């Protein structure tokens, strides 16, 4: 849930930040409407077509022209921003594709770099401490998401999710493999664990978009931060990650594993299976906003 629920939120939120910034850069000033009563004329300014109408006697021909010239020079047209639910042909939205793609890819990039180091670490100190450390990192990143107001902070929060995901996934799967030594039991246990992953991917986007639309941007992050605290309490109670417990077997070197054809096939299968989802995540919400005028809750 933590990794997929920002997907429908981030594109809309980044667009709203840029759109509000561009709107505030235009400082509309109220026209200095001089409603003067001379001896023969009274000026009436029309906000509809930005024109000045003079009523009264036309005995003095110079004053109306001067007054009309003064009014048109002082008029500044107010630009009203378009609603964010239907940003058709908006340059801010078109330029957002690369930013959103890089933001989502930062988590996977950091996880790709971190994963090879977490494996040997769990072999030395056990699975409990890395698993709990992953929870702590994901809790911090979720709080950062809740209160971040800039792209840079969102990028850092997403990158931290990669570290937390690496600790949780590698340590979690390693712990299952060490506890369930029988092949059949191990397969069933990992299937149930990965079913939890699928459940989170299913629940995350609708939960995030509905909360973002009807409660606010920070609300889904705060709810998940509270659930993460509950998860941390369960880990402390069950796993008790207080001290390092090295594994009895020595870990296989990384180069040896990379030469194993079964590992290469499994890694390639996982890579291509996730590639389709990864291409949809940054592109689909923006495309829906631009072509369908989708509401925020519909993006999830």
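Placed from the backbone N, Cα and C atoms, the Cβ positions cover glycine too.
Remember, TrEMBL labels are computer predictions, not curated facts.
Looking at 221-239, 240-258, the range tied to transmembrane segment in TrEMBL is 221-239. Looking just at the domain 'Major facilitator superfamily (MFS) profile' (35-300), the mean pLDDT is 80.
Under 8 Å from some Cβ of the transmembrane segment (131-156) lie the Cβ atoms of residues 2, 6, 10, 14, 17, 99, 102-103, 106, 163-168, 171-172, 175, 217-218, 221-222, 224-225, 228-229, 231-232, 235-236, 239, 241, all in the same chain and six or more residues away from its ends. Counting only same-chain residues 6+ beyond the ends of the transmembrane segment (260-280), those with a CB under 8 A from a CB of the stretch are 104-105, 108. If you look at the transmembrane segment (162-180), the same-chain residues 6 or more away from its ends with a CB under 8 A from one of its CBs are 2-3, 106-112, 114-115, 118-119, 122, 127-128, 130-131, 133-138, 141, 186, 188-190, 193, 247. Proximity of distant same-chain residues to the transmembrane segment (192-215), defined by a Cβ-Cβ separation under 8 Å and at least 6 residues beyond the stretch ends, is recorded for 1-9, 12-13, 172-173, 176, 223, 295-300.
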